[in-house]
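Novice: Handing you a structure now.
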Amino acid sequence: MLFGRLTERAQRVLAHAQEEAIRLNHSNIGTEHLLLGLMKEPEGIAAKVLVSFNITEDKVIEEVEKLIGHGQEQMGTLHYTPRAKKVIELSMDEARKLHHNFVGTEHILLGLIRENEGVAARVFANLDLNITKARAQVVKALGSPEMSNKNAQANKSNNTPTLDGLARDLTVIAKDGTLDPVVGRDKEITRVIEVLSRRTKNNPVLIGEPGVGKTAIAEGLAQAIVKNEVPETLKDKRVMSLDMGTVVAGTKYRGEFEERLKKVMEEIHQAGNVILFIDELHTLVGAGGAEGAIDASNILKPALARGELQCIGATTLDEYRKNIEKDAALERRFQPIQVDEPTVEDTIEILKGLRDRYEAHHRINISDEALEAAAKLSDRYVSDRFLPDKAIDLIDEASSKVRLKSHTTPSNLKEIEQEIDKVKNEKDAAVHAQEFENAANLRDKQSKLEKQYEDAKNEWKNAQGGLDTALSEENIAEVIAGWTGIPLTKINETESDRLLNLEDTLHKRVIGQNDAVNSISKAVRRARAGLKDPKRPIGSFIFLGPTGVGKTELARALAESMFGEDDAMIRVDMSEFMEKHAVSRLVGAPPGYVGHDDGGQLTEKVRRKPYSVILFDEIEKAHPDVFNILLQVLDDGHLTDTKGRTVDFRNTVIIMTSNVGAQELQDQRFAGFGGASEGSDYETVRKTMMKELKNSFRPEFLNRVDDIIVFHKLTKDELKEIVTMMVNKLTHRLSEQNINIVVTDKAKEKIAEEGYDPEYGARPLIRAIQKTVEDNLSELILDGNKIEGKEVTIDHDGKEFKYDIYEITAKKETTES
């Protein structure tokens with residue numbers, strides 16, 4: 001907070017505020033202590049104005065003690081509350097509006113009046129202070145704004161009228177204290193000062209990724225000039241931020257743009273104390289260069305080379321390479337200064353420097369833990385943006401969310417509002433119908449409700465005023481989860497139970513295959529508990545086994561349990577990648593080829609949904625070289641697409657399915673997967689499968705996979721369970737047509753028997769159900785049998801399937817197939 005611009009009396013007010021907080025044993029300095037501090041300076045304008053409204057020091061003390069009372073014995077350093085910080089900020093804003101160089105007691109009072117929340121605002125309300133009249137009285141007591149300040153400002157601006165209309169003076173903004181503090185960029189600011197102090201080509205250009213703080217360095221220079229922390233050569237300089245869009249805007253005719261830019265350059269040359277800051281420096285190239293006219297960069301080149309124009313540029317690495325480097329004459333006139341992304345530790349320090357501003361704006365307390373969480377979580381989970389920008393945005397949005405949540409109107413107030421509206425409408429209807437007695441009763445009822453509403457509203461506001469809303473680590477995690485879809489909040493009891501019982505959830509859809517289900521469940525639990533390797537995917541698995549045993553179904557079931565729907569799974573059918581060059585479809589077509597701008601089928605989906613299940617189905621069908629691209633995904637959790645963007649796979653579950661080796665195992669007596677689920681038989685099966693797998697895939701690929709799981713052949717009992725699941729799905733579909741079906745155990749056993757084929761797994765069951773159930777039901781529906789609203793029982797008598805149709809309460813009719 002900038003206390004250097006406070007008058008001596010205003011500084012004493014802050015000292016009195018601290019003394020009052022200590023006297024009342026309060027742990028923070030709030031708006032009420034600032035008000036008490038103002039009353040302790042009776043000669044100040046603020047105290048005189050308040051006394052003129054019959055508000056005395058004793059009355060204020062009485063109200064404050066009544067509202068918040070004395071605290072426990074306070075310990076440690078006193079800090080300003082977010083609302084008190086906001087009041088100081090508002091007082092500086094008031095001083096600037098009135099063209100005053102210093103902040104006095106009167107400006108602090110104006111700040112308290114503008115801050116309509118907090119204890120001070122409640123004191124004013126309780127003492128019946130007319131806010132509008134009080135403000136007018138303060139302005140009247142001050143007299144007219146100081147003309148000397150206005151004239152000084154006018155004289156300063158008269159030298160550069162065109163420039164003032166097109167640019168923002170960062171030094172003036174820094175003097176007003178409205179620029180955010182710049183933390184941890186001393187090295188870069190010093191380097192900028194060194195380049196600016198050169199005799200010729202004294203033009204630094206700040207190059208760095210978006211969001212690393214390039215513009216902040218120019219603002220830091222302006223603040224250093226205001227504080228006199230620069231060499232003699234830069235003292236009293238003005239840093240003017242020029243927007244090329246504003247310069248070009250409105251130049252309808254040829255030569256108008258060039259004339260405007262020349263005038264700006266002449267004013268800068270004559271003034272001799274202007275440093276031009278051009279954000280997005282690459283916009284110089286081509287600006288105003290339509291119809292053969294020369295562009296802005298060519299107009300500026302001579303002045304930049306001779307040192308007549310001091311210019312700081314800022315641009316990204318990509319734009320510098322595309323626009324500045326290709327023009328060698330322009331490039332040599334600028335001295336590049338690399339601005340690197342700060343570390344997580346540096347980002348935490350930057351956030352601590354900005355904390356006061358965000359606390360004042362959102363009127364909440366921001367803890368150190370929240371700042372650390374913002375820096376660490378944004379660094380880990382938001383991979384396509386840069387620190388400190390993404391961490392600052394995270395703090396800003398989380399603070400906004402907490403603030404809005406704490407100020408949502410309670411339901412009882414909304415109910416009273418609705419009741420008032422209802423009574424108003426009834427009263428208007430009664431007046432219209434000339435039922436005046438009824439209208440009078442309704443008017444009285446409305447008055448009572450309005451009073452009740454005001455009382456409830458004041459009670460809620462008073463309760464809110466006494467609360468110190470704080471931003472916690474959990475709030476930061478909630479916002480990150482909203483941005484990325486990755487669950488980071490603390491695990492609640494419901495989710496904990498769901499994760500612990502994940503095997504049961506998966507078994508509702510996948511019958512048998514305990515090894516696969518257990519392995520997948522453990523990987524998900526490790527990730528959610530925060531124990532997984534942060535540089536690798538949540539888990540990577542190869543599912544081996546014959547067709548139709550549930551490999552793909554398990555991936556679908558996992559996607560449904562994690563995201564609520566099977567469609568959340570990213571499915572890549574490897575049969576589409578039988579040719580070597582097809583790998584480009586995963587990461588995007590190379591430059592110059594059709595589809596380069598569309599991105600890769602895999603990388604784009606993962607960029608949009610970083611928390612997902614990825615299924616590579618039937619991997620043995622793809623060309624072996626396709627899997628080379630997955631090596632760094634399995635090991636380091638990232639993949640670079642054809643546009644050079646790094647895609648983060650660290651929050652994905654990667655599942656690959658294959659039935660490689662299934663034929664060889666089928667030829668062996670024990671290796672039909674049946675009865676080989678445990679003991680040495682299962683190990684033999686596994687070794688056989690691994691041998692076939694090694695013949696098909698390279699060792700460096702297999703070595704990176706977390707687990708290779710062999711699926712077992714489905715037994716008859718398991719097939720019967722699958723029949724029950726399939727019948728339940730059919731029952732659900734028919735219930736939408738108001739048809740109820742019941743399939744007996746005998747019928748299910750017969751369907752399982754007809755659909756049993758150890759070579760093809762569960763898929764023949766689909767055909768068996770179609771043949772025995774669906775075909776006959778469709779004929780019954782189309783044959784004129786009105787079975788809507790009736791129940792159909794499907795049974796097997798040892799020879800054939802029987803279909804009994806009957807009303808829910810009536811006797812059965814019997815038809816046979």
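Glycine is no exception: its Cβ is also placed from the backbone N, Cα and C atoms.
What Swiss-Prot lists as ATP binding site is 208-215, 545-552. If you look up Swiss-Prot, you'll see 3-144 marked as domain 'Clp R', on the strength of sequence analysis. Residues or ranges marked as domain 'UVR' in Swiss-Prot (evidence: sequence analysis): 417-452. Among the features that Swiss-Prot reports, region 'Repeat 2' is placed at 80-144, with the record citing sequence analysis. Marked as region 'II' by Swiss-Prot: 471-662.
Could you tell me the structural context for the features on the list?
Specialist: Taken residue by residue with DSSP, Val549 (ATP binding site) is part of neither helix nor strand, so it is coil.
With DSSP states grouped into helix (H, G, I), strand (E, B) and coil, the region 'Repeat 2' (80-144) comes out at 46 helix, 2 strand, 17 coil.
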Novice: What is the number of other Cβ atoms found within 10 Å of the Cβ of Gly545 (ATP binding site)?
Specialist: 26
Novice: Most Cβ neighbours within 10 Å: which of the binding-site residues Lys214, Lys551 is it?
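Specialist: In terms of Cβ crowding, the pick is Lys551.
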Novice: Which entry in the list of binding-site residues, Gly208, Pro210, has its Cβ near the fewest other Cβ atoms, using 10 Å as the limit?
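Specialist: Fewest other Cβ atoms within 10 Å, among the binding-site residues Gly208, Pro210, is found for Pro210.
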Novice: Please list, for the domain 'UVR' (417-452), how many residues fall into helix, strand and coil according to DSSP.
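Specialist: Counting residues per DSSP class in the domain 'UVR' (417-452), I get 33 helix, 0 strand, 3 coil.
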